[in-house]
Amino acid sequence: MATKRSLFGTDGIRGTANTAPMTVEIAQRLGQAAGLYFMRSQNRRHSVVLGKDTRLSGYMLECALVAGFLSAGMDVILVGPLPTPAIAMLTRSLRADLGVMVSASHNPFTDNGIKLFGPDGFKLSDEVEGEIEDLMSQDLSARLASPAQIGRASRLTDAAGRYIENAKASFPRGLRLDGLKIVIDCANGSAYRVAPTALWELGAEVIKIGCSPDGLNINDGVGSTHPETLCAAVREHGADFGIALDGDADRVLIADENGNLVDGDQIIGLIAAFWKQHDRLRGNTVVTTVMSNMGLEKALAENGLELQRTAVGDRYVVERMREIGANLGGEQSGHMVLSDYATTGDGLIAALQVLAVSVETKRPASEICRFFTPYPQLLKNVRYSGTSPMSSPDLAAAKAWADERLAGSGRLVLRASGTEPLIRVMAEAQDEALVHEVVDHVCDVIRAIAHA
């Protein structure tokens with residue numbers, strides 16, 4: 001039986017580079033354990049696809065993982081800086097046993113992380129991650145490869161081109177982006193080559209920002225965590241669309257031609273309504289998380305569509321989609337999962353679907369990207385030290401008070417961050433003053449608990 005996961009969080013392993021768990025030693029150990037776990041058959045060669053984003057520490061962790069996989073007897077296919085969804089796609093395409101992405105997504109360059117994908121291109125389950133952790137705690141020396149069985153490392157030189165073609169295949173074949181001026185912000189991250197190229201090949205005039213990575217500037221004032229940069233660039237250049245990706249390009253936000261931001265909820269609603277009109281939305285159901293706006297749920301219901309919510313994290317969205325057979329899901333933060341085209345969140349493919357709606361309907365972004373009127377929503381993060389306040393009776397009482405105040409008109413969501421000592425407090429309701437009252441009170445209670 002697998003032990004409780006301690007290394008793996010809600011999206012792989014993540015932490016400060018060169019500090020546990022993001023050390024050379026742990027990365028090498030992970031490579032050995034994951035390699036041995038996925039080498040089920042001994043009568044053929046086994047392989048892993050290994051990609052990364054543009055962080056300086058990516059070189060260090062990449063080399064450590066390579067050493068671990070090779071010592072386990074697994075061949076390594078290196079693809080260099082590519083989006084996370086590209087690693088998932090290539091793992092399936094190359095019939096590899098495993099895919100690995102070295103990235104901390106939207107975090108600053110000082111952090112890094114490791115995400116694992118199975119041979120089907122989906123993120124590993126909690127159970128499999130737990131079993132790999134079990135292996136990491138064991139003495140593996142007797143199970144490592146003999147000198148003749150050590151793995152080989154090679155580089156896939158056309159990996160970027162393969163992903164570009166895969167992304168373009170999601171765009172209707174009869175359409176082009178001629179006449180559209182598009183600002184693309186790649187967060188100085190892993191999509192800095194592939195995203196502008198894909199848009200240009202489809203006919204767009206492309207203006208690039210956040211496409212000059214130096215190892216230290218990923219997500220630094222650019223990308224989906226700093227959408228104000230994109231919005232300003234759209235206004236400056238008189239562009240028709242703006243697209244902001246995060247460091248590993250698994251999430252996307254849009255700016256319309258006026259430089260107004262469009263979040264993930266609006267993108268989900270737009271795609272859902274368009275797909276329903278064209279009989280492409282499976283089960284008339286969309287999967288989102290507890291953070292998605294109640295306004296989206298109401299608008300979907302008015303269009304005859306059901307919204308199902310999961311815990312925060314695109315992996316949980318994907319799991320629910322697979323359970324019920326849905327083909328559209330995502331998060332307010334910009335993770336968009338379109339399972340007709342990808343097994344995980346893919347910012348570029350999601351952006352192409354929005355562009356396709358605009359081209360097909362001949363309507364500007366400002367018209368198509370306002371699917372619903374959002375309820376006033378407020379999110380605050382409260383940092384703590386020591387024991388998490390989530391199990392405190394005082395916090396339970398505060399939540400009960402908030403639920404009573406919001407009854408019938410709104411909701412409160414409390415969530416512990418999976419990567420930082422933070423409690424996220426989110427409330428929404430049609431009464432904005434009530435939202436602020438509830439969030440401020442609950443945050444005050446958390447602070448009091450943290451300093452008690």
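Backbone N, Cα and C define each Cβ position, glycine as well.
Annotated features in Swiss-Prot:
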ACT_SITE  SER105  active site, phosphoserine intermediate
BINDING   SER105, ASP246, ASP248, ASP250  Mg(2+) binding site
MOD_RES   SER105  phosphoserine
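When Cβ atoms from all protein chains are considered, those within 10 Å of ASP248 (Mg(2+) binding site) total 35, not counting its own. In the three-state DSSP scheme, ASP248 (Mg(2+) binding site) falls into the coil class. Looking at ASP250 (Mg(2+) binding site) and SER105 (active site, phosphoserine intermediate), their Cα atoms lie 8 Å from each other. Separation of the C-alpha atoms of the residue listed as 'active site, phosphoserine intermediate' and ASP248 (Mg(2+) binding site): 5 Å, rounded to the nearest whole number.
Annotated Mg(2+) site SER105, ASP246, ASP248, ASP250; additional same-chain residues within 8 Å of its Cβ mean position, judged by their own Cβ, are ASP53, PRO83, THR84, SER103, HIS106, GLY189, SER190, LEU245, GLY247, ALA249, ARG251, GLY345, GLY347. Non-local contacts of ASP246 (Mg(2+) binding site) by the CB criterion (under 8 A, 6+ apart in sequence, same chain) comprise SER105, HIS106, ALA187, GLY189, ASN219, GLY223, SER224, THR225, VAL252, GLY334, GLY347.
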